[in-house]
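> To start, I am sharing the structure in question, which I have written as structure tokens.
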Amino acid sequence: MATSVHSPKPEIRKRGEQTPFRRFVSDFIVSRLAVLGLFVLGLVVLIAIFAPLLAPQNPYDLAQLDILDGMLQPGTVGGGGYPYWLGTDEQGRDMLSAIFFGLRISLFVGLGSAILAFVIGATLGLTAAYFGGKVDAAIMRWVDLQLSFPAILVALLILSLLGRGVLNVMLALVIVEWAYYARTARAAALVERGREYIEAAQCLALPTSRIVYRHLLPNCLPPLIVIGTMQVASAIALEATLSFLGLGVPVTEPSLGLLISNGYQFMLSGNYWVSFYPGVALLVTIVAINLVGDQLRDVLNPRLKT
Amino acid sequence: MVSYLLRRLPQAALTMLVMSVVVFVGVFAIGNPVDILISPQATATERDNAIRALGLDLPIWQQYWSFLVNLFQGDVGRSFVFNVSALHLIMERLPATLELALASTLLGLVIGMPFGLYAGLAPNSRVSTSIMAGSILGFSLPSFWVGIVMIMLFSVHLGWLPSGGRGDTVYWLGARWSFLTTDGLAHMAMPVLNLALFQISMVIRLTRAGVREVILSDYVKFARAKGLTETRIILVHVLKNILIPVITVVGLNLGTVIAFAVVTETIFSWPGMGKLIIDSINVLDRPVIVAYLMLMVLMFVVINLLVDLAYMVLDPRVRLESR
């Protein structure tokens with residue numbers, strides 16, 4: 001859509017004025033929606049990082065909770081003298097604070113597992129592409145096998161065996177996701193492997209690890225970054241789903257999914273806010289990441305540029 | 001074809017074997033079954049007797065062997081909670097899940113195809129842009145939250161639809177079904193729509209991509225040149241040609257839908273096997289967990305085998321490669 005407006009300009013650019021990064025930024029800001037997504041995402045990340053400073057109360061310090069303030073409507077002023085903008089749960093916990101703290105756990109699990117899966121997947125994918133032959137066949141056979149099972153089933157399998165816990169969830173997410181990175185990295189590396197600069201590096205007798213990490217990897221990054229962005233969003237969503245099912249994070253470290261799950265039991269009696277607002281926070285986060293990822297794909301995909 | 005099948009079957013069997021090791025190690029080796037199977041009040045002698053009776057004193061590979069033999073006989077043990085065969089328990093819940101999965105697949109096609117057709121025929125219209133944006137939402141929204149909002153809106157706020165359960169069922173073909181009674185249909189409406197969201201989005205995208213490809217083909221141009229009406233071109237020339245790939249993909253996706261029914265069944269208290277597995281995990285009913293996991297793995301191995309066979313029949317390149 002908007003990218004067509006920004007098809008390469010016919011005029012010749014002066015050398016030095018356009019760095020790749022500047023070109024990337026100017027391509028990215030073409031979509032207002034993506035910029036909005038990036039802005040919201042930045043806000044969400046800042047809230048998650050500074051949650052203890054921003055939250056009106058520490059939702060997990062029992063001394064700060066007042067049971068008399070339980071199940072208050074959004075906007076009610078409680079015993080602490082400050083308004084509960086998003087209401088309270090049955091223990092008198094301020095939902096706004098709970099959401100801020102929940103965001104931390106959701107983002108930590110989502111980002112952490114995505115980064116780990118990126119490292120493992122990209123390494124195996126590059127290895128498969130660079131060495132080819134039996135190594136390639138073995139790795140890709142495993143990737144194909146794993147991708148033929150839906151993510152939720154693989155996660156269910158792992159978590160029903162290991163039990164709930166932040167590290168277990170992250171392990172499950174990494175096991176679910178590495179295959180996507182491996183496949184993408186391999187596809188990109190297969191194209192790059194035939195290029196002249198790899199041949200040149202091989203002629204210089206550089207060590208294999210140097211060729212793979214310093215020459216091959218940087219040139220395979222764009223599609224991996226796009227997949228990575230999307231995978232962070234799906235990791236956050238999957239973690240929330242698993243936590244909702246009671247298989248994810250433990251009750252002592254409630255993510256957004258667990259907050260939604262906790263509030264679910266009160267919803268049928270009309271106390272919608274305990275479940276609804278954490279859901280909105282989850283939704284905003286996921287949509288913002290996807291908007292950014294969508295635009296990244298348009299900008300970084302050379303096929304869409306003429 | 002037969003030789004290809006003969007080569008793929010051992011691979012499928014190997015997958016099953018690997019998964020059985022994973023499940024066995026996970027369920028029987030990581031957790032200590034003695035703690036769960038034997039009452040904590042038991043004396044030391046009683047414990048020893050029970051361990052011997054359960055075969056837990058044997059070396060691990062012998063335990064695995066007897067697990068495997070029982071698995072082949074369809075015996076994965078009795079549920080600790082219900083004290084009936086775990087496999088039987090799951091089979092009893094299977095119709096409810098199948099009903100949900102099939103109905104939502106059908107709904108996905110019925111809703112997704114017209115929207116996708118429109119978006120493919122008029123790709124630049126404002127309506128099409130909203131349809132495609134909606135389909136992105138359908139992909140990225142966590143379905144459990146959508147389900148909660150649906151309950152909030154239609155059950156709590158408006159009071160139109162029941163929030164959970166199967167409603168009245170009718171006995172037919174050896175199982176109980178909800179879709180044959182009006183009460184059952186009312187109970188089905190929300191879970192089915194919730195489970196169908198992903199499929200609607202998928203069908204929209206598939207149909208749109210298919211339409212945009214087919215519309216440029218020579219036979220559609222020729223049909224236009226012949227002066228056929230646009231309705232006839234769309235219904236006969238376009239729709240007929242995109243129907244096969246769309247239905248193939250949707251059909252093969254059925255396994256994923258059954259796996260994902262876990263979430264929908266939990267939200268809407270739908271008594272299918274997805275809800276059973278979550279309940280079983282929560283009370284550590286290991287035989288049921290094992291039975292469910294092995295059954296799902298078997299289902300996906302069979303589906304993948306069918307996919308490979310379908311590709312071989314449809315795509316001559318695969319056939320030639322396998323020679």
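Glycine too: its Cβ is placed from the backbone N, Cα and C atoms.
What TrEMBL says about a protein is an automatic prediction, not a curated fact.
What TrEMBL shows for this protein is this:
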TRANSMEM  B:12-31  transmembrane segment
DOMAIN    B:94-307  domain 'ABC transmembrane type-1'
TRANSMEM  B:100-121  transmembrane segment
TRANSMEM  B:133-157  transmembrane segment
TRANSMEM  B:177-198  transmembrane segment
TRANSMEM  B:242-263  transmembrane segment
TRANSMEM  B:289-314  transmembrane segment
> Taking the transmembrane segment (B:12-31) as the reference, which of B:100-121, B:177-198, B:242-263, B:289-314 gives the largest number of Cβ pairs under 8 angstroms?
B:289-314
> Counting only residues 6+ away from its ends, which parts of the chain sit with a Cβ under 8 Å from the transmembrane segment (B:100-121)?
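Result: 127-128, 131-132, 179, 188, 191-193, 195-196, 198-212, 215, 234, 238-239, 246-247, 250-251, 253-254, 257-258, 261, 264-265, 270, 272.
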> Under 8 Å between C-beta atoms and at least six residues away from its ends: which parts of the chain pack against the transmembrane segment (B:133-157)?
163, 190-191, 193-195, 197-198, 200-202, 204-205, 260, 263-264, 266-268
> Quickly jot the same-chain residues contacting the transmembrane segment (B:289-314) by Cβ under 8 Å, restricted to those at least six beyond its ends, or write none.
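Cβ under 8 Å, 6 or more out: 1, 4-5, 8-9, 12, 15-16, 19-20, 23, 27, 71, 76-77, 86-87, 89-90, 248, 252, 254-255, 258-259, 273, 276-277, 280-281, 322.
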